[in-house]
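To keep things clear, I will list the structure first and then write my remarks on it.
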Amino acid sequence: MSDQSTDGKGVVLRTGRVGTVELAALLTVYGSTDIFLSFPSRLAEHSAQGAFFTPLLSAVLMLAALFVVFLLQRSVAKRNWLESLDETLTPYLTMPLALALSCYFLLQTALNAREFSETIITTVLPATPTSIIILLLLLTVFYYAMAGYEGLTRVSILLGGVMLVGLIVLTLLPMTWFRRELLFPILGNGPLALAKSGFRNTGEFPQLLLIMILAATLRNHKHTLRVGIMSISFSAVIMSVVLLVFIGTFASAVTGTVPFPMYQLARVIYVGRYVQRLESVFVFLWISAAVIKLGFGLWLTGYLYAHAFRMPLYRPLLPMFIVLIYVLAFLPPDLPTVQMLYANYFEKYSWIVTLALPVGLALIARFIQWIKSRRHRKKKRGSGKGDEESRESGTARARSGFRKGVLR
Amino acid sequence: MDWSRFTRLLTVDDSVMDEAFVLTPEDQRKTSGKRRNHRRDVPYSRLRLLRAKVNIRESQQSANYESDVEISDKREDRALTSRDVYTSERTFQTAVRPISFEELATRAIRRTTGETLSFQGPIPKAIQYDLATNRRILTRLFRLPRNADIVIRDFSIGGDHPFRAIAVFVDGLADKTIINTHILEPLMYLTNLDHQTPRGQWLDHIKQALVPGNQAVAFKTWKEASENILAGSTVLFFDGISAVLSVETKGWEHRTVGLSQSEAVVRGPHDAFTESFRANTGLVRAKLRSPRLVTEMLQIGTLASTDVAIMYMDGVTNPKLVTEIKKRIMGIEIDYLPDSGMLEQFLEDGPISFFPKFLSTERPDRVAYGLSEGQVAIFVGHSTFALLAPVLFWTLLQTSEDAYLRWPFGSFIRVIRLISLTIALLLPSFYIAVTNFHPEMIPTDLMLAIAASRERVPFPVVLEVVLMEFSIELIREAGIRIPTIIGPTIGIVGALILGQAAVAAGIISPLLIIVVAVTALASFTMPNYNLSFSVRLLRFGFIVAGAAFGFYGIALGLMILLMHMVTVRSLGVPIMSPIAPRRTSSPDSLLRGKIFKMEQRPNAYWPLRTRKEAEVTRGFDPRVADSEEAKRARRGWGRRGRVKK
């Protein structure tokens, strides 16, 4: 078990340790699950034919941010980012930050839960009340969050391959309807609009933020950067390919109006008499992805909340949060309101959380470290300590995460 | 014919009813509640300890005499301490009850002649000096003369000055021929002991020179003596020696090594474990001839002890696994442990789980292979199933035959089994979901065929499925319980006639018969009995989920099951390893890899030696012939560069 002490007073949050591929699988599933919802339709509405470029552009931006953060703070690769911030900033600043992040994941999970349950009602069980659907979903999600982080990564790696094969099948089989001319003009509303959309869409890539929080749980810290690159790239490629098939099959104008394009894509499959209408495959893929995403969202909410208030455990918080999610999910009166909330708030401003916050805080932390080390050097020169003392202070610097060659 | 019983029944007498044995809570109150469950008798033993005096003799050893046990022959009267007591159990009724005058007189006569039936007071730990005392302790310990199968044979050891001895054994457990020819005959007729030698040295002499049994061990405690008697050995008590000699005479009747019943294969060995503890461990040792193979013995049971053997490969198996198993076994306090199935339940990690955490197998070759992979084997008493732990989920889906076949065929049958698992688990629920909730999700022709077949059926599809599944379970259970001769007949009657009749009567649709039959067939392909139980039970859960919420319910159920599976551990090892979590391993999980690529042991067991094959084992193969390893292999070099002798 990984012991992540938040300070020297022995507050410990146990999560367990995971492997490189497991964490990459979890983050990929978490990042790319939105393609089963109305996200592709909103993206097609904004970027028209060039929508399939958007995730690629966003991924490039996120990868650049990832490198910048790792360049600024090497300790990110092996330490919990919030713990590092506790040292460089003060716990009084990281507490509201962790609380804000917890609220962010709570709201996102609640909206996702509602959207998923509405999708189930629309596509699979039209006669069942929403409350029953969402209750069942949240009970499963609760079990997932209770089972913990290790369990989530293991299910992700088990289902990751199955989901990938399913997605390939779902994107290849509708090829009978695919028309290349629907992809043109390939840049959609123009390069500027595309770039803008790409930047805005970085909110769909929370991998950078999550890696910074979860780096300490990796067994091999040398692979932290690799996890980030893998998860961001895979998510981007999955989103892009699916969008490409959508636009080539339905045309961007139609895709923008379809509430669940992936479901529509599964419905149009017709390859001979017996391979047709593979919604059932879609339902299994979609529910499994939803459960993992919501389960991880709930787990993050509990974990960050416990971190904010220096609690040694997060599991006792989960029942409270699941009730909150249930209540919050019912606040929007209908599916269009949920989609509107998502488009107007989450998609518009998520980049602040997923991109600006990690990069900005890494810059600030690096700056503070630089100032501290400068002050330390000045002091040392002023006091004129002997060789032995300077060696000791050198060890102290090394311990505080100071590295040669970074911003010097 | 005894008419008295019949006439008694016709008599108007309430005592007729009293004769019937009825075990009621009221009966239990007659005996003290404390005494019934009080295993150790602590307060009683302390009281009696103060009063009891026994003959305890200290050892009187000559300086040059060496024996494997310390033998006492000096008498000392002192009070027993709790350390000296083997058991302070009270075998006879303690309450004062009236006895007849005849019985009182008989007792008095016996007392005057020195013929006391039972040893009074707590039984000491050490074997006593006097043969008479030892005999009384034996009488008390083994509930003689009520206990009919304990034999005490008095005899005199020959010579000019014969002295008394007794041989104790269990009739039916010990081989009488060995007793006669290897114990009694040499001691009674062929012996001439030097009377001048101190008796303390006689035991060693008897052991070394007079008893020709293949295993003879001296003990000086009652615990060891009684355990050996009950294990089939013959224990010899000698007058004037405070130690016993246990001669191995095990020879009870047991089934010979037979064919495997539940894990039959076409290719591979057919022998299976039998109801003999030593034969079972021997079968494994015969296959895995290595000095590294260690068999550690433990005993479980306070009322009656059962041997438990822990077998592992020293230097291969992770010692933490062995320590953990031993710790868990030694923590079990139970009166009696009859089978490995019960031990499994005591040892498993998460008792609230559907999946087995131990691989119970009756095949010695499977145990031998598991040991070589780094697993630990557990044998329990005369159980015909050994346990292997830790176990991976994929192992439960494999048979030993997979390894004996070439890799394409091994992989093929594994794929078939995986598909069978899916069918056995999900097909009925899938059928319900499709017909009840999602008819549009299947091709139109198939949907019409299903609708046509269900046209005459008056029941909802859920009821149909549950009825048929229940019938299948009945047939399966009946097939196991009824005698082998009529078993197949019941199968035919149940499966064919019942199914046919149900369809003809319009109760069940023909398509459902196919669904249920395929499901049953698929569940029969599960190679592990415990896993097939899990699948049978989970199937009903999925039927309920599918009936209530269609694909949505099934998908959620599957997700819960998956999460449960990835978090279940077998002796600390996640059962879904090496896939979730990922661990390095040879290609031997879902499919069967090529035998020469199985270079590593499953890392999930954390074995001390991970490599089990050289990198190049087929040096003659042109594809690797140029490599250094191949050249070394052709020259007959081992993988570490040493010459193979």
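Every residue gets a Cβ built from N, Cα and C, even glycine.
TrEMBL entries are annotated by machine, without manual review.
Given the structure is predicted, the values throughout are model-derived calculations rather than measurements.
Quick look at what TrEMBL annotates:
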type: TRANSMEM; residues: A:21-39; note: transmembrane segment
type: TRANSMEM; residues: A:51-72; note: transmembrane segment
type: TRANSMEM; residues: A:92-111; note: transmembrane segment
type: TRANSMEM; residues: A:123-145; note: transmembrane segment
type: TRANSMEM; residues: A:157-178; note: transmembrane segment
type: TRANSMEM; residues: A:198-218; note: transmembrane segment
type: TRANSMEM; residues: A:230-254; note: transmembrane segment
type: TRANSMEM; residues: A:283-306; note: transmembrane segment
type: TRANSMEM; residues: A:313-331; note: transmembrane segment
type: TRANSMEM; residues: A:351-371; note: transmembrane segment
type: REGION; residues: A:378-408; note: region 'Disordered'
type: COMPBIAS; residues: A:384-394; note: compositional bias 'Basic and acidic residues'
Dominant neighbour of the transmembrane segment (A:51-72) in A:123-145, A:157-178, A:351-371, by Cβ pairs under 8 Å: A:351-371
Stretch-level contact, the transmembrane segment (A:351-371) and the transmembrane segment (A:198-218), CB cutoff 8 A, at least 3 pairs: yes
Interface check, the transmembrane segment (A:92-111) with the transmembrane segment (A:283-306), three or more C-beta pairs under 8 A: yes
Interface-richest range of A:21-39, A:157-178, A:198-218, A:230-254, A:313-331 toward the transmembrane segment (A:123-145), CB pairs under 8 Å: A:313-331
Of A:21-39, A:198-218, A:283-306, whichever stretch has the most CB pairs under 8 A to the transmembrane segment (A:230-254): A:21-39
Same-chain residues at least 6 beyond the ends of the transmembrane segment (A:21-39) whose Cβ lies under 8 Å from its Cβ atoms: 112, 115-116, 119, 152-154, 156-157, 159-160, 163, 204-207, 210-211, 214, 217-218, 226-227, 230-232, 234-235, 238-239, 242-243, 259-263, 285-286, 289-290, 292-293, 296-297, 339, 342
